[in-house]
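*Asks:* According to TrEMBL, the domain 'ABC transmembrane type-1' annotation covers A:80-300, A:381-589. Annotation comment: TrEMBL describes A:28-53, A:73-102, A:123-144, A:156-179, A:215-235, A:278-299, A:331-353, A:385-408, A:420-445, A:451-474, A:495-517, A:571-592 as transmembrane segment.
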Amino acid sequence: MTTETLTRPPVAPDTGGRPRPSKWIWTWLYAGAFAVAALLLVVVGYLGAGIAGGHVDWMELLTESAWSPTNSVFGGLAMIYGTAVVCALALVIAVPVSWGAAVALSEYLPPRLARPLRMCVELLAAVPSIVYGLIGIMVLRPVISKIADVPGGDSLAAAGIVLAVMITPTIVAVSVDALTAVPDRVREAAYSLGLTRREVVRSAVLPPARSGMRAAVLLGLARALGEAIAVFLVVGRADGRLPTSFGEFLDSLSHPGQTLTTKLAGPEPVLAGTSGPYFAAICGLGLVLLALVAAATVWGTRGRDRGAASERPLKFRGTARLRQQRDRLVMTLRLGALLLPSLLLVGMLALLVTRGSSAFDPSFWFTSATGAAGGGVRDQIVGTVLLIATTGILALPLGFGAGILIGIHASERTARVLQTVTVILGGAPTILLGLAGFVILSTTMGWGRSWLAGAIVLVPVVVPVIALTTSARVRSIPAELTESAMSLGLTRAQYVRSVVVPYTWPATITGLLLGLARAAGETAPLLFTATVFFGAPMVPSGIVESPVQALPTHIFTLSQDSGDPQAVTQAWGSAMVLVLITAVLLSAAVALRNRFEGERWTT
Amino acid sequence: MDNVITVRELRVRSRDKTLVGPVSFDVGQGSTTGLCGPSGAGKSTILRALVELLPNGLTRDGELQVLDRTIAPGKGDADLRAKIVLVPQVPVVFGGSILDNALFGLRHVLRASQGVLKERAEKALEEAGLWKEVADRLDSPAQNLSAGQRQRLCLARALALEPAGLLLDEPTSALDERSRDKVEQSIAALHGRRAVLLVSHDPSQVERLCDTTVNLDQPVAASPAAAVG
Amino acid sequence: MFNKKFRSAYLVTSVLTVLSLAGCADSDAGSNGALQVSGSTTVAPVAADAAQALKADGLDITVATQGGSAGGISQLAAGQINIAMSSKPLAKEDKAANPDTDFLSTQIGADAVGVIVTKKVADAGVKNLTADQVRDLFEGKIKNWSELGGPDLEVFVYDKEPGRGTREVLDKYIYGDEKAPPPPKSGNFAIVGGNLETRNKLESTPGAVAPLSTSFIEGRDKLAAVTLDGIEASPENIASGKYPMSRPLYLLTDGKPKGSAKKFIDYVLTDKGQKLMTKHGYLTLKEIGK
């Protein structure tokens, strides 16, 4: 009986080597991580070069509130204050609503209802920023004006609320992803102990989903910090306002202010030239913004190690009385939280449909523009699709790789550094990406205005979103799954390839969608690198000096200065087209994701 | 050479604190060795120490020999795990069909044609006593299997690797009596052909299945090992 | 193991670098020969319509709006575009910064900028403002319209963002060649961007005042333009130079326009081209008597 086992063909790869050693996995992962770091380095390098080109008085920049370039006063404190207030307000409003809505979507609604709703929420993330801004002007300003009894209504509060609305879809979508990744057996086990739904969610479902839901908030924060155009339209952009007492603080909420992002996204970076103290001060503001994102990220992820190492003990509050009532109350609250984004979606669609009705004329889609605001937007559609598709193709492998590396990296510290770098990149104002792209790709490399430059400039917008959603999902891989795979003799590379990638990719797709949806509405970086308002051929013929036209920049230019009423119609029609295109892309990808997510890996 | 696994003075530590051990035992060719002890004694931790799958922060020391190779602490790799296969307590089913699952480890370790792989997977399913139940639906999703079938599927995908040794971690703890009997039959059938190290808290099971028994008596209180075992 | 990982990652990075360098080397492979027009968002719609009309003649023209007037001028100086669109006269600084460029401005029309108030304020008696009054309004010194004989209503100032032609016209009117002071530290002061945004906010804010192209308030019954020092923004007054706040609109070239650039500019100056000015809300050369 001495062992067939040993006379069989050797299982261990001493001789022929393993099949699918998948060593390329490491190349891929590290390339992704390097790309994220390199992109951030480019942005920081651009800012650093600007700062080196002129003297920056950091003390003044950080402690002085007045900003007046004509008088050579460069104080950024009021903008830092504005940024902090606006983002804090946005998070305070958006996080509870989004988490509530996410739990309602994943735990309360039947899948038949939840799936379309979830897609609708993701669709909200795809509405171009400028539309949010216009809605802010139309709806929010009057409300603020009435409540606070101030004329106008351009204010920090309005900006905070607009941002809250804008980041809600992101937080909901990523949180839902984290919740659906919790295996059903966990719920089953908890229900079978006689727990109410609220208790099941609180004690069984939320703990494993927590890291993903936190990543969702980080993503939301990154978007809030980087968002320009919508805030632009409602914040008032008044410099130098800084409260000195609590009363003034409350007062400042209902009055115009300025944030770092709106300052950077305004005309000043262009007016400031490319060197000298003015430009250096602008670059200094950029660095301050990046530092703020970094601080927020570090603060937001602190304590995760502790949470992961030892499960937080559950608090027992004696015998809960009124369990059923409490359960019902929480359910009402959560479904109510879901109601808010739903109402928003309906309102927004109604607005888009009424104002952008020209989008329902097929000829609007299939004819090219005649002049400034006549004809259709065929060329803009093709240009947008080309830009988004190229960006997606470039960003997906990088973001996926970086995300997995963050998720599986053995050392917690490296993972945190990488994660912080990723969030900072996501929070970098896109105008900076545009300017850096302009200097490097268009000017230094001589591409001129090129569609490829535009796609590359959009990559840093998309990559962090993919990376963060991916890494959150990787972290939620059950330990048993990892152990089972490893104990079957897989190398780490093979484990990544055969377990991590298939387990993670539905979340990655969500990230890609959210990222592309955001990229699809981006204007600022494209204006500098890739698009023209009129006259580009439908499909570019090369790379160098091959601009395209795109919907967001078209909308932006039309909504600026034309006195022709046709321009406004065309702008709304284009916005509707942009939303519809994104909707089609989303539904295709979501359908794909749903099919595969049904095949959930269980333990 | 008779021993597949030789363990001498094995300890599992967290920094300077010894959590488990020292233990010494051998698992001989074709024999079934039981690893017994109360809950929290560190049985599962020892299994993981043998294949370098200890949770972060835990380290092993002491001597470990697999076949005639000495494995220094931290040097165990994927090739070791393909020779000494751990079957965890919770039967994890990967996405895909029953056949996919049976092939999961093998297709990462053995370079061979699809036909050869499939043949070995089928043989392993037979060895694990699952073949008759699933022969007609190898391509259906593995998620639909019952708990007992899943446990045997996990056994089969370990056997497909033709391992020198098997480490079974409480293979029947979550099963009803009938499923348990079936799994036990499968394990008993391995006797004489594979080196098996069986962790169980049930003395009667050990008595039914094992040639020799290692007792871990001293429970280790408040150790992270409890979290993994 | 770790070293290996690093090595391969390094390899990929260097491949990427080489690829991008290769892209660099490829860069002079040729441009598509289109006439490139860029600059002011004010002029862009007119230029786009003109380019459309010339398309039939086989002219290939792209119109972009990167960086506004200032961006257009600096790109023209850098030789990146053929024609810059500008909604402000060339400043001394522009010439000083680009000594090698032989800027040639061709005026194509003009834009009358008004100080716009809400109808309610105008009807209550604020129909005319002096330069000093306008300055005090925009510096936040006049806080209530009643100080100017209007209703008891708080003043809310919308100023245009820096770099906008409209803002420069206003600053010139109030301060002449002096520097404008920093914005007032009043809670009733905000910055706006495009003309549509400005009009929108003016209409929705009681007591608002802002500089805006007068064409944008035509047919708007909530807004009114005040006369400045008693002078109305009529084409005659602009032509004669009496009305203080108007800005010329220009197409700039480096040296005399040639070839397709000349064709383009000539077209804008024809009757058909000038009609485009009217269409987008500006004054034609004829209207201002040029």
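From the backbone N, Cα and C atoms, a Cβ is placed for every residue, glycine too.
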*Asks:* Are there residues at least six beyond either end of the transmembrane segment (A:215-235) with Cβ under 8 Å to its Cβ atoms? List them, or say none.
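*Replies:* Counting only partners 6 or more residues beyond its ends, the transmembrane segment (A:215-235) has Cβ contacts under 8 Å with 82-83, 86-87, 90-91, 94-95, 98, 102, 129-130, 132-134, 136-137, 140-141, 153-156, 158-159, 162-163, 166-168, 170-175, 178, 256-259, 261-262, 264-266, 289, 292-293, 296-297, 300-301, 423, 426-431, 464-465, 468-469, 471-472, 514, 518, 523-524, 556.
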*Asks:* Output the single range from A:73-102, A:156-179, A:278-299, A:385-408 maximising the number of Cβ pairs under 8 Å to the transmembrane segment (A:123-144).
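*Replies:* The stretch with the most close Cβ contacts to the transmembrane segment (A:123-144) is A:156-179.
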*Asks:* Taking contact to mean three or more C-beta pairs under 8 angstroms, with sequence separation of 6 or more, is the transmembrane segment (A:571-592) in contact with the transmembrane segment (A:331-353)?
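*Replies:* Yes, these stretches are in contact.
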*Asks:* Do the transmembrane segment (A:278-299) and the transmembrane segment (A:28-53) share at least 3 Cβ pairs under 8 Å, sequence separation 6 or more?
*Replies:* yes
*Asks:* May I ask whether the transmembrane segment (A:385-408) has at least three C-beta pairs under 8 Å with the transmembrane segment (A:28-53), counting pairs 6 or more apart in sequence?
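*Replies:* Judged by the Cβ rule, the two regions touch, with the required three close pairs present.
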